[in-house]
Amino acid sequence: MIPVIALVGRPNVGKSTLFNRITKTQDALVADFPGLTRDRQYGHAQHENKSFIIVDTGGIGVDDIEVDTLMSKQSQVALNEANVILFLVDGRSGLTGIDQQIAQALRKLNKKVHLVVNKTDGINEDIACADFQSLGITDIHAISASHGGGISSLLEEILEPFITEMHEATDDKAIKIAFAGRPNVGKSTLINRILGEERVVVYDMPGTTRDSISIPFTREDKQYVLIDTAGVRRKSRIDEKIEKFSVIKTLQAIKEAHVCLLLLDANEGITDQDMNLLGFIIESGKALVIAVNKWDGLEEEHKEKIKSELSRRLHFANFAKIRFISALHGSGVGGLFKDINEAYHSAIQSFSTPKLTRLLQDISAKHTPPCINGRRIKLRYAHLGGHNPPVIVIHGNQLDALPESYKRYLNNEFIKHLGLVGTPLKIEFKGGQNPFANKKNKLSQRQVNKKKRLMRWAKNKK
């Protein structure tokens, strides 16, 4: 299981700064696609090839509201789902009454808690940490979220217990499909339609949380695992802040899966929550199929409106196949596995270095890179750097100055010429290094003696 790390603490201790610092450590896709929505309260991150999900639970103790009440409403869902809790405090302000109340509330959860003393740059770390010893938390880390100090060692320690578990999870040969979508969009109904039996209980109870359900499934001699992520069933009266964290189970399933099937509701169109889920799937680099459910019975005018909205709002996900289905009646469901298999095989496909290099040369010849300070950016060669998603590593000169628009051009051209369907493509750029950079020219002994003779001769001549 992909670990979930929750950030908790009173306001202004640096949770959002730490969240941004950690989520930026991942190698993002080629660029920030226009229109791509990223929810800033939960994110996918990676540290030294170890993936995890991080959740910012927000500030606790605002306006003197009782801490236990806030913990039970805003943060309890996220903290209960978390494998590790990072309790942030301010090393400059020292221990406060709210910090003590939060520590007391965290003890009741029986979770692994790390105390993270932030803002220790420029001050004595030992003295800053000593002020918080009375909280009784044994694992204490001094960091600077704004400057990045201490974060790498913090992540190494908290992720260490999950390394074996993460490696074991990659050994399964079955294709894992995560059914992602908002509550009541029809995920369980679709899985039941695929299985041909009522394997998943379909119900709607406000505030009810269910774990993800993994169901082994064989179709045409291929093995699959269908992952249903029911999450929290919400009604309008449920606190909106709680609803924010109802997707944590879905995020874990997305990280575990090979292919994500994002289910949309044709009656409601594309919502902000749909866009957040889609953004997380793309940032995770997973193969993607989009299914628009409840398509039957809609008037033609409404269908055209939905298609127009899909084209306008999902243009950055144009690599994904879109299929219009009815999970209840079965129309369009049969073609989903064709799209899923196509996306999976694109995601794991291999390409030789000569093929990628020739393609890079053809693409750059068609539209040459720009000149920087009178020198043209050179793209020398390309090779495959990974799978699911496919990673292409491009080597050259002055690649740091390559415009984002040209990176998008390369991305689109590679997807088109390689015939990739249903998977994002990740491109990494590595600049050529001068082997003589930062190296001082060392004279031989003969050259040193000659230099001394010349200096003596010049001195005597004066």
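Positions of Cβ are set from backbone N, Cα and C atoms, glycine also.
Record features (Swiss-Prot):
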BINDING   9-16, 56-60, 118-121  GTP 1 binding site
BINDING   181-188, 228-232, 293-296  GTP 2 binding site
DOMAIN    3-166  domain 'EngA-type G 1'
DOMAIN    175-348  domain 'EngA-type G 2'
DOMAIN    349-433  domain 'KH-like'
Count of other CB atoms lying within 10 Å of the CB belonging to THR120 (GTP 1 binding site): 24
Pairwise Cα distance for THR120 (GTP 1 binding site)/LYS187 (GTP 2 binding site) [Å, integer]: 47
Of the binding-site residues listed as GLY9, ASN12, LYS15, THR57, the one whose CA lies nearest the CA of LYS187 (GTP 2 binding site): THR57
Three-state composition of the domain 'KH-like' (349-433), taking helix and strand from DSSP: 32 helix, 26 strand, 27 coil
C-beta crowding around GLY9 (GTP 1 binding site), within 10 angstroms: 26
Of ASN12, THR57, THR229 (the binding-site residues), the residue whose Cβ has the fewest other Cβ atoms within 10 Å: ASN12
Residue from GLY9, ASN12, THR57 whose C-alpha is spatially nearest that of TRP295 (GTP 2 binding site), among the binding-site residues: THR57
Integer Cα-Cα distance in angstrom, THR57 (GTP 1 binding site) to GLY181 (GTP 2 binding site): 22
Rounded mean pLDDT for the residues that make up the domain 'EngA-type G 2' (175-348): 81
Lowest local Cβ density (other Cβ within 10 Å) among binding-site residues: GLY181, ASN184: ASN184
Cβ-based isolation winner (fewest other Cβ atoms within 10 Å) among the binding-site residues LYS15, LYS187: LYS15
All-chain count of other Cβ atoms within 10 Å of TRP295 (GTP 2 binding site): 21
Integer Cα-Cα distance in angstrom, GLY9 (GTP 1 binding site) to GLY181 (GTP 2 binding site): 30
